[in-house]
Structures are given as C-alpha cells and as structure tokens.
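One structure is given here, and the rest of the page talks about it.
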C-alpha cells in the first residue's frame, strides 16, 4: 500500500540547492558557483579560478546519491562536482560552468557513470569545452556486475565502484601527473572494479509516495541507483547467503567483468544505499572478508565500509571489489581532504586479526578456580537453597515482567533478569557455598557475564558491594546482622551509582522497606529467619506501592503517570520476588535443621 513519505524537506523542487547550502556551510573547504537554481556546482574553495596548475578532476550526475558526488570534492579527490536534480543528469550548461571554473592549463578529466543521460550531457559539454580551447579527457565507469554481458548500446551501469576511481584519479592529479596519465590511471582503475547491489526496499523520491513494488519478505538483486527494478527479485535470504551470491556474481569467470583470479589481492568497499544502519554494513563487511579469503582465495588489502553512493533512503547495500595492484593502493592511501572519504583507513591490513587478550584483573587470584565443596555445611545448604529459590522465582516471573515492562519501559526486563537467573543456576555447581562472601562474589560474576543492560550493571554493583561488606568479617560464617549490613551496603552502592533512592520507582522501593524491617526485627531480637520473612513481605508491599509513584529514573521516567499507575515497576517486582523466594527457602531450611 502506497503512503506519503515523511521527509525533512521544504519544497521538493529545492532539495538539491538546500543540500548544497548545508554542505558548504558544514565544510569550509567547499564552495559553490553562483547561479542557483540552474547551476548547481560544488568546487574546492582553494582552487584559483581558471588558473589551477594541476589536472582538474570533475564528476557529477543526478542528486539523491549523497555523499556522492559533492561530498568527495576536496584536495586529493574531486576538484568539482556537477549536481543534477534528483536522479537527473546535470544540464550541459552546468557541466560547462564547472569545467570553466576549475580547469587551468593542465586540463580536466571528466569521470562519468555509464548512464545515457550522463554520457550525452557530459559528452556535449566536453566537446563544447574543447572548442573553447580547454584540454578535456573523459573516462566512463560501468562497474555493474549484475547484468549479463551487454548486447545493446547501454552497457553496464556506473555504481559505487566509481568512488574508488575518483580517489585514484584525484590522487594522480594531486601528484602532478599530466592529463593523459591521470586519465590512463582512472581508466585502468575503472576496468579493475566490479559492483553489485542488493535492495530490501525501494527508495522514495522527494514529494512522492513510497512505492510498494517490493513487498515484504522480498529483496531485489542487481539494482541500479535510481530506484529502477533490479535484475531479479528473490525471497529474502540470510545475510551469509546474500553475500556469497553477490561475491560470486562480481567475480564470475563467465562474465569476466573483473580481472581478478584466485591468489590475487583486492580492495573491498561495502556501501550503504541510504537507510541501512552502520551496524548492518559492518556485519556485511565482517562476513565478506573471510568469504573472499576462504571461498575465493583472495587477499583483502583494504576495506572501506559506509555510505558512499546511496539511493536516497533505500535499504540495502552494494559490494565493490577492485584489484589491488600496488599503484592502486598507493593512490587509495594518498591523503585527501574530501569530507566523506574514510580517511581513518590507511595502510596494509594484517592477514588475520587475532583478538587482543583481555587483560587480567589486578585482583585476580592465581590459585585454582573455585568449585563446590565436597560437603556443604549448614550455612552452605541454606545458601544453596536460597539462591536456587530466588533464581527460579525470576524464571517463573519472566513473562509477567516483560508484560509490565512493555507498558512502562522497553519490554525486556523479564528476558534480562531471566538470563541472569539462568546463569546463576548453571554456575551454582561451582560456587564455594560454604564461604558466603565468595559465593556472593561469584553471583556477581555470573550476572555480569550473562545479564547485560542496565539491570545487569545494577545487580553486579549490588553483589560487588555486598561482597566487599561481607569480606570485612574475618570468620567463615556470616551472622544475620552481617547479612543486613551487606544488604545496606548494596542498597547504598546502587543508590550512589544509579542515582535513585526511595520513591523513584525502582528496585530500591522494594529493597529499602525490606532492609528497614529486617534491621528493626533483628534489633529487637526476633528469630533471623522470621525477620527475613517479615522483611520480604515489606519488599512485596514496597514493590506494589510503585504503582502510585511517578518514575524519576530509568526509561519509565519518560512514561505518563496514567500509564505508570496501571502496573508496578518491573524492577521492583523482580527484586521483591527473588527476595521473598529466598526468605521462604531460608525459613524452610531453618526448620529442617
């Protein structure tokens, strides 16, 4: 179903000129020719008008592919970029204006993507410029590997591999080479690169509705960059399968589009098409490198990942592979001030990246790993029962916690707590249960390893603080008052680092009432297990009371009071539940003794 697209634009007619306005305001090294809206040319601000003493490298085409082309204007790359309207070739007059503005005695090289409109308009402008006395050479880039060998005059389309040609030509020109030599290097680079794209959605032109051509569960293979249909539509496949297919097409010996053979060296460019998150692009890059190495027997010398040539807001990616001859690498590594070239990528890649070992903790002990005692003493038995009961209570509460959290948070409280509880139940077989302090420390380690998120950090702090307090005692047994002191230390640490206190609608609203009752009952001499049980009732009551609180910490602080009043705080309910289960288990074990 088609629907109006949401865009941060004013008048769709002015999107390109307004883009250029923002670009030159952002990057002081860029300037534009006066002549909006007909003439849309971005050029280096440091190039003297018509007296530039090096070869000018000029490219351009329709807009909508940002950062291409204007984002690659800068010393060491493009001298000027000619911007057409969205997905439209720039007019001849604009191209001529750009040539006249930056071309000096050394001449200029036009790098043109292989689309009919671009070829015709740049071609006519080149001929006109030559008739005016300018030295002009043209290189056509057609790096598309998705189409069968051309049978007509259209040929292969120009895609993201063109950016690599821009870089090679720009570096050659910056080195002072002649026009003939710069053109030769650019042409050679264009013949060594191949590209194929994959789209998950179609793009939306400014001011128009979003097309529903590509339905759910489908992807398009071998697309162009103007929203035109790809070579084929297929069911969405796992990313590994998609990458393998793309690499196979680019490196096909049947089409022989790219002169790369097994044992060779290559450059890899992973390009986003406009709305693909960087996370997904990095996933593609991380999987493409080993596939090139293992499946195709190629060494990968450089990897460039990001959005270089987009299709407005299309979801998807393209992969470009270029043969990495030494002169090519020299040009790619050369310095440039073009804003969107990934300048942080520099120099040779190691053949394999071995993960850096995690530095050992200064407090790590050199003795044998901790393990469960062969025989548990009375404290160990009670502690084991309490831990298992608390963890199982969280497992059973998972769905309820997620349901509550879906209304006041991000919906994963139960899943997060579940991971921590599962880890504790798996690790308890190795806990030194006869040593309460060390067992508490091990619980913190289990949670820190498995739980994740803010809750994981909070509970790790909770148990680390309890461990530090319990270690103050020099004896192996822990008294009930020492347990209360450990709980107080944990609450203080969570409050200090988390910033919450009573009434903030957090787990502390369950634990603080529990601590107050526990201390009160122990001070008047109540049986410790009874005091623990009574304090757990206070924890439950405290958790329930969070329904009437306005959240002041965590994601719930962004939720309306009306929504908050419908459910208790999930974190508080989780804390009250494990605390209550532990208290019941302690009471039961104490009666057995």
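The first residue you see is number 1, and the count goes up from there.
Quick reminder: no glycine exception, Cβ is built from N, Cα and C everywhere.
Among the features that TrEMBL reports, domain 'DhaK' is placed at 11-341.
For residue 64 (substrate binding site), applying a Cβ distance below 8 Å and a minimum sequence separation of six or more within one chain yields 86, 87, 203, 205, 226, 310, 311, 312. The annotation substrate binding site is assigned in TrEMBL to 62, 63, 64, 65, 113, 118.
Taken from TrEMBL, the feature active site, tele-hemiaminal-histidine intermediate applies to 226.
The region 'Disordered' annotation in TrEMBL covers 351-374.
Taken from TrEMBL, the feature compositional bias 'Pro residues' applies to 352-362.
Per TrEMBL, the feature domain 'DhaL' maps to 381-584.
Looking just at the domain 'DhaL' (381-584), the mean pLDDT is 87.
Shown are the binding-site residues 62, 118; of these, the residue with the fewest other Cβ atoms within 10 Å is 62. Annotation for the recorded positions 65, 113, 226: lowest Cβ count within 10 Å of the residue's own Cβ, 226.
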